[in-house]
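A.B. asks: Sharing a structure with you now.
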Amino acid sequence: MATSLAAQLAQIAAKSRSSLNVKAQKAAHTKSLIFEPRIAAGQSYQTIYTACRDGFEELCQLDARFTPFSNTLFSEQSQDEDRSQMTQAENKELDRRVDSFLRLVGSRLRLMPAIKAIEWLIRRFRIHEFNTSTLLATFLPYHSIPAFVTLLSILPADLPQQYKFLAPYVRSLTAPPRAAIVYQATHHREFLTAITEYTLDACRNKQQYPALVSFWAGVMTEAVNGRIDINRSGRQGVQLDNDLALIALVSKPLGDAMTMKDVPDIQIAAYMVVSLLAAKANFDDKLLSVFMEQLVIGWTAETVRPGLVCLSILAQYRAPKQLSSRVAKALLKMDDLPQRLVDASKQCRVDKLAYALVLALADRLAKKGDARGLPIIKSILLLELLQEKLGKVAFKSLLRAALKMTDEVDQDGSARKQLGSTLVLLSQSAGATGVMVRQVIEDEDYDIEGLELRLDTSFGPRRLLEDKPAEEDAKDLEVRQDPKETLEAAIERLAVPPRSVKSFLSQKSDQLFDDMCKVLLSVATDPDDLLKFDEAPFLCRQTAHDDSYYFSFYMRVWCGPYPTLIRSAALEMAKRRLKQGDCAALDLQAMIPYCVAALSDPAKKVRQAAADLITVLSKSNAEGIETAKRPIWASKQLYEQSNEQTWMNPAASRALLQEIIVPALEESVLDEEHISNVLRSHLQSTKDSATGPQLSSAVRLSIFSCITSHVVHTPLLAVKSRLLKPTNQVDSVSKATRTSLLLPLLRWWASLSSTEAAQLCERERIDESKFNQSCVNVAVANDKPGLETLFEIITNSSAWTREGLVEAAFARTRKIWSTIKSDSKLKLALSMLDLAQTPATAGSSAEFVSEEAADFLRNVDLTTNILNAFLESLQDIPKITTDSPATKRRRTSSSDHSRGVSLQATNAVKAALNKVTFVLQLVEGSKPAEHPELLQSLFVTLADLQVLRSQVGSELGYLQNLVLSSLLAMMPTYKNNKSLKIDTSVGHGDVLVQCIQKSSSPAVQNSALLLVASLANTAPDVVLHSVMPIFTFMGGSVLRQSDDYSAHVVVQTIKEVIPPLVETFRKSRRNLVTSAAELLSSFVIAYEHIPSHRKRDMFISLIENLGPKDFLAALVAMFVDKYGTTDSMVAFCKDLMNSFGVEVQLQSLVMLLDLVSDCLQPKPTLAATLFNRNTDDDQDLHKTALKELTLLPKVLSSRQLRTEVSQLAGRDDMEASKFRELYASLLEKILTLAETVKTNKALHARCSDTLAGLLNLLSIGEFIKAVENLLDRPSISLRQKVLRTLEVRVDQESNTDADSRTVLLAFLPQLTAVIRDSDDIAYKHTAVACVDKIAEKYGKKDLEAVAAAATTIAGDCCLGQPDKRLRVMALLCLASLVDVLQDGIVPTLPVSLPKALSYLSESLQGEKEPELHNAVYSFFESLAVHVPYMLTKTYIGQLLAVSNVSAEANMSDESSQARFGCLQLLANQVDANTMLAALEQNWAQAVNAGFSAVEEYLKLLATVLDKHPSTIIAKHISTLSTIFLSALDLRRNVQSKDTVSIAALAKLTEIEALINDVALKMIYKLNDSKFRTVFTQLMEWVATGLPKDDKLGKVLRHQSVYSFLLAFFDNLKDVVASYASYIIDDATAILKASDPSKMEDRELWQLVLKTLARCFEHDSGGFWQVPAHFEAVSGLLVEQLEHAAALGELPGGDLVQNAVVGLAEAAASRDHRKELNAAVLRRLRSPSASVRLAAVRCEQSLTDTLGEDWLEMLSEMLPYISELQDDDDEDVEKETHRWITKIEAILGESLDAMLQ
């Protein structure tokens, strides 16, 4: 029972958030988002509230929705609220407010005010404990920010179940990655549900924000995607269960999200998830349909676009069936749905959605008569949104809907009428849709005829007029609403009135025909009623052979806009009647044109019926029957003007029927266009007939005349249109043109008003535009009346209301333009120009005609005569503005008249400018190159424009550019056709100069410049006398433009103008450069204004066209003179030079040197002109010369130039020969100039630089060829410069260049000869440097030559010379040669080594010479590397001796490093025997030199010891021992001679430490037996090596030895513990004899104590436990306490204690310790207080170190301790008490009882 109760209480405690534990409460109070726990712990709620309230108020300023919380969560009262004291209802209400606030503040979490506000809720209301889920959901979208990690740090240990995945991140205090969140949402539905509910709640309360929605959408999408992948299963049952689980999880939240109309973001996010589900989840159609309905219920104007995309995706994964009524209705309400579907199709497929919509709308149409969807269906099909298969099914659904519709669902028939219009439009549409629809109509077994009757329409190619007048709609409605009339009543009604109509092909019959047609339409579907109708009296069937009444009725029907069934029935009735015998005797040719029209019917059924009719007709007109006597049927009755009708002769009638039509019947039935093609082919000339017999001209003329006559007289536009197809393709038959025969038709059609024409077309459902085209096509080019009629239509303002007809007339005229005669063309063109310039108001017919006329002129080929006439009409235009000044004066008047005149003048100017613009545009668009004769007129126009420009105050840039562009286009024609000449006397060049100079338009300037360029190339005499002002102008304008076109203009102008201009200069026999100076100056001045990316190409073009050989140098010189030798200018000049060949560049450099020489002349000629200087201004020209010379070496240093020169120099041809000549000339000139200006340092220096650059220009081989000649020159300085250049060149050469190697090695003997024979030291120096470089790079390839050079350099002629620079160079060179020759250097060493050592010694005497010093060491260093065996003991000894002096000579760091590096290398390379012997010999000298020398000596010795193995070291132990003992005697040798300073003593101590280190290095390489001998010798040496009376010497030597022993025992430790036996006697003797109060003894005394202490410390083998060893030192050591006491405050007193303690530790024997203790205790009763104090302190140390082991002898100590407690000396008493304290601490008890 107790256990159960305890468990229950534990569970309650675990779940409880209240705690009576004060520590727990304090810990909870430290949880903070902002403050550190230590700060938070000390904060009161008042403090927290004050800090957080500021943040909340800032939030209120950002968003007013936070304000209500100021009365609740952030009120003053909230400071006193405690959740633990609230009721459950109060806590629930608080949770609701907290949740609301958190959802609202989520969008501001990146702002500090939001964090502050949440801080208050955490601190006061502990929301991190009570509202953990909401708090985490609020922060989760920001899981990557630092605040989220801070939140994790304050969360309770027990997280909510859905957030337990955060536990690892809470422990590590790291932000969870997005992948972890997505994984949790994918695998744990409770987490996904939690964030979904949080997000949707925020949206419902309008508290959402983009970051939250985006986070939810991303996680939801990835989670759903992951769940789909996880749930996939091969077992259908398992897959179904998984799908149901997924549906249960996401369907409701997604449905809720999609219906939140106020939150478009969440809707779009839901669309994304739904799209994913549809694409991957394989849901059934029912669920997809539900999603579709939810989507359309909720979408808004903002979300309809993405919603439509989502809907399309859903439909795509759904079976292809119609949409639900709700979805279809929603789509039906959408504006511009087809276009939206097109837009959506760019993102996804929409075909299934469009298909399902069409099915749904068709179903609504059939069941409800709802025709609102028809426009949508029509657009979907026409826009080809459906695949062909779906499109066919969709169209079939429309046909089925049409068949299903009844009067019940469509009472007024409007829906069926709209459906019929839609079906007809689709069937007649162009493109893939029309083809597909027509195929469906033909392939499917539909009752199309019945459908046409049902819909009151016809499926054909004629366009339906969509809008009928309202009156007709009303009439149709009335008719439909009337009760249905019976056939009998109709027959009776129609038979009552008397017949006054003879033919239905007249206007008088229209009303009667309409009435009869209605009856026919009503009976067409019933064959019996149709026969009754046919035999009705009012049709006069019985008299059909006598009058035209019967047949004309049916002829009009089958050619009319009626259903196919009616049209075919009419043909059938006519055929039936023709079979009767009374028709056999008639010539029925009047019916043939109408039969031909029927054969062109779009309905195959009608064509078949027409073919049957023609077959019957042909039988009655068979050849066997006598046709000549047959009367022509209806020849007087058919038309109202039948007497004007032309009829065929019998032969022609028979030929038309039997030979043309009947053979083509079968194909005509299949193709409606076939009959027209057949007629055309037979009516054209006989030789063009495609097939069949050839017809005579008379027959063809008769047929053609008859058909065209029917076209003119028939009232049926359909018949006219169909018969015009073949006739309009026949220009003429015999002498009769189609225009002469059909012109009445065109005139009749043109005479109609727009209303009349529209009514006629509407009645017969004819496309008016096509009929207009057919009518105007009757006019042909060679028929004047036809052309005049077209002109009349175009120019007659009364016809302008027929815009379609006028447009067709323009189009026809444009089409026949090329075949119109020239005079007619000119007349027509001028008329068109007048029409194009006719003033008109906007939107008027006149404006339309004006635009058409202008368009006509723009699109026809205008002849030269026409264009010239146009231009001539412009020549008086400048006169228009001559009254402008008066006009301006009259403007000051207030009279209306003056204002009218002003306005009139302004309008006239405007009209004139419009005409000029139009004409010039026509000229430009007419390919001016094909009309070169216009050039003169265009120049006149350009001149007139200059006048007009100044008068109207406008630039007229566009007009000028039109003229200039036309002139430019003509230039190639003039250039290619030499027969065309340009008149040079007219002054075209002056006009262009004026145009260029006075125009501010860059386009005009560019065009004019291009024209100047073209003229300069084509006819230079026209413009060359005017070009200089043009170039001056270019420098200030066009050159500064940055566009590509301006750059092209400049280049083109340069290309075309400059060459002929230069040729003119050449002919003038003046200096070419001087003549062009002004031209060059204009370009140079413009340089800084030219865009940087244009400069190079433009100036290269300029130079190329001027001639680079003549002008490159001049232009570069002017650049440098004008802009100086800045980096940018030098780079530009180098670039210019590099753009040309080597020959040109060298020639230019020669010219530059000539120009510089001219500048330095007393009376310069070319330079003064070129640089525009006064010849008296010498200083200015000298500055210019300096600039030019500054440029030269920089040009010569061009890498590109060097490359080209190297390629050229290797050849042996004329070009290479020319190059060498130029090179020689350039070299000669620079040398001459250098000699001339040697008094001017600046100029001379530039000459030297130029010379160096010139010499560097050649390859090393070619260069040496030049050098060999130059070395024979008498000028030493020149030869020296050449060799210096060679040195630099060698340094630059590649090691792998075989050619360079061969040449340079071959040159070595010559350099050797220079060194040997020359008396000039500087020259020798340079030669040695050259040898050094050559040998270093290539010496190994010719050791013999290098050895010879080395011998020479080592000899007296070089190394033996007194010049120190030469010595340095020789030594450095020898060092390099050692590297090359190695053993081969040996022969020179007997000569060079003594000199080198001598020079080293000299370098340290007097004024030091570090260069020589370092050179010697460099030489020895090379020897040490390559021939160390040649360095004997003598040489090394001498070197070490001099090095000792160097070490003490205070040389620079560089010199010291050179010396020490060399010595170190010697120590490593030279044999140990030689090196150690030299070192042994050199010790005394090093000591005499100084401490630095000794220090280097010891370092060298250390290097030797490190370098050689122990076997070598052991062999030389004797030498090393000697050196070692000498080193240990250093202190005695130094201190015994003179008084030594403190600094010297310190240095001596450092050196002794170094000696000890070196000695240890030696010891490490010796075995015990070898070293014991050395050690024994050492101890003997220190003990007996000096006379007894040399006490100071002995002390100093002992100091050095014991310093070594201290290091020895300290480093080798217990390994050498036994060596202590060798020092016991000596050490005890020293301790006995030493008086530490004396400074010289005290140092040794301290060293001995330290050494003994180290021996004691490292005794691990029991050496000091041996009684003899212990007793030898124990008593003596204790006695030293008295010496330590005597020292007082002097250093060293504690050493005795350390030694005693060490001995006590090492002894490790009770007896030894007791003996030692007794000896110390005896000192406690010493009469000297200082001795007692020292003994007490010694006991303290022993007690501290040995502890209880030492206190075993406490009983012996107690009496002494007791006495010491009352010691007379206060210090002794204090130390005693301290000793007692330590004893008590160790024993753990007080000594008071023992001491009593």
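Glycine residues also receive a Cβ, built from the backbone N, Cα and C atoms like all the rest.
Pasting the relevant annotations from Swiss-Prot:
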type: REPEAT; residues: 586-623; note: repeat 'HEAT 1'
type: REPEAT; residues: 656-692; note: repeat 'HEAT 2'
type: REPEAT; residues: 861-898; note: repeat 'HEAT 3'
type: REGION; residues: 881-901; note: region 'Disordered'
type: REPEAT; residues: 983-1021; note: repeat 'HEAT 4'
type: REPEAT; residues: 1052-1089; note: repeat 'HEAT 5'
type: REPEAT; residues: 1161-1198; note: repeat 'HEAT 6'
type: REPEAT; residues: 1258-1295; note: repeat 'HEAT 7'
type: REPEAT; residues: 1302-1340; note: repeat 'HEAT 8'
type: REPEAT; residues: 1344-1383; note: repeat 'HEAT 9'
type: REPEAT; residues: 1492-1529; note: repeat 'HEAT 10'
type: REPEAT; residues: 1711-1748; note: repeat 'HEAT 11'
type: REPEAT; residues: 1752-1789; note: repeat 'HEAT 12'
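Structural setting of the listed features?
C.D. replies: Using DSSP to sort the residues of the repeat 'HEAT 1' (586-623) gives these counts of helix, strand and coil: 28 helix, 1 strand, 9 coil.
Taking the repeat 'HEAT 4' (983-1021) as a whole, pLDDT averages 75 in the prediction.
Sequence-distant contacts of the repeat 'HEAT 6' (1161-1198), counting only residues of its own chain at least 6 positions beyond either end whose CB sits under 8 Å from a CB of the stretch, comprise 1071, 1073-1074, 1077, 1080-1081, 1114, 1116-1118, 1120-1121, 1124-1125, 1130, 1133-1134, 1137-1138, 1145, 1149, 1152-1153, 1155, 1240, 1242-1243, 1246-1247, 1249-1250, 1252-1254, 1256-1257.
DSSP places the residues of the repeat 'HEAT 8' (1302-1340) in helix, strand and coil in these numbers: 36 helix, 0 strand, 3 coil.
Beyond the ends of the repeat 'HEAT 11' (1711-1748), by six or more residues, the same chain brings 1665, 1667, 1670, 1674-1675, 1678, 1681-1682, 1684-1686, 1688, 1693, 1696-1698, 1700-1701, 1703-1705, 1756-1757, 1760, 1763-1764, 1767-1769, 1771-1772, 1775-1776, 1778-1779, 1782-1783, 1786-1787 to within a C-beta distance below 8 angstroms of the stretch.
Mapped onto DSSP helix, strand and coil, the repeat 'HEAT 12' (1752-1789) counts 30 helix, 0 strand, 8 coil.
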A.B. asks: Grab the same-chain neighbours of the repeat 'HEAT 10' (1492-1529) for me: Cβ-Cβ under 8 Å, and only residues 6 or more beyond its ends, written as numbers and ranges.
C.D. replies: 1440, 1443-1445, 1447-1448, 1460, 1463-1464, 1466-1468, 1472-1473, 1475-1477, 1479-1480, 1482-1486, 1551, 1554-1555, 1557-1559, 1561-1562, 1565-1567, 1570, 1573-1574, 1577-1578, 1581, 1597, 1600-1601, 1604
A.B. asks: Tally of helix, strand and coil residues over the repeat 'HEAT 10' (1492-1529) according to DSSP?
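C.D. replies: Tallied per class, the repeat 'HEAT 10' (1492-1529) gives 34 helix, 0 strand, 4 coil.
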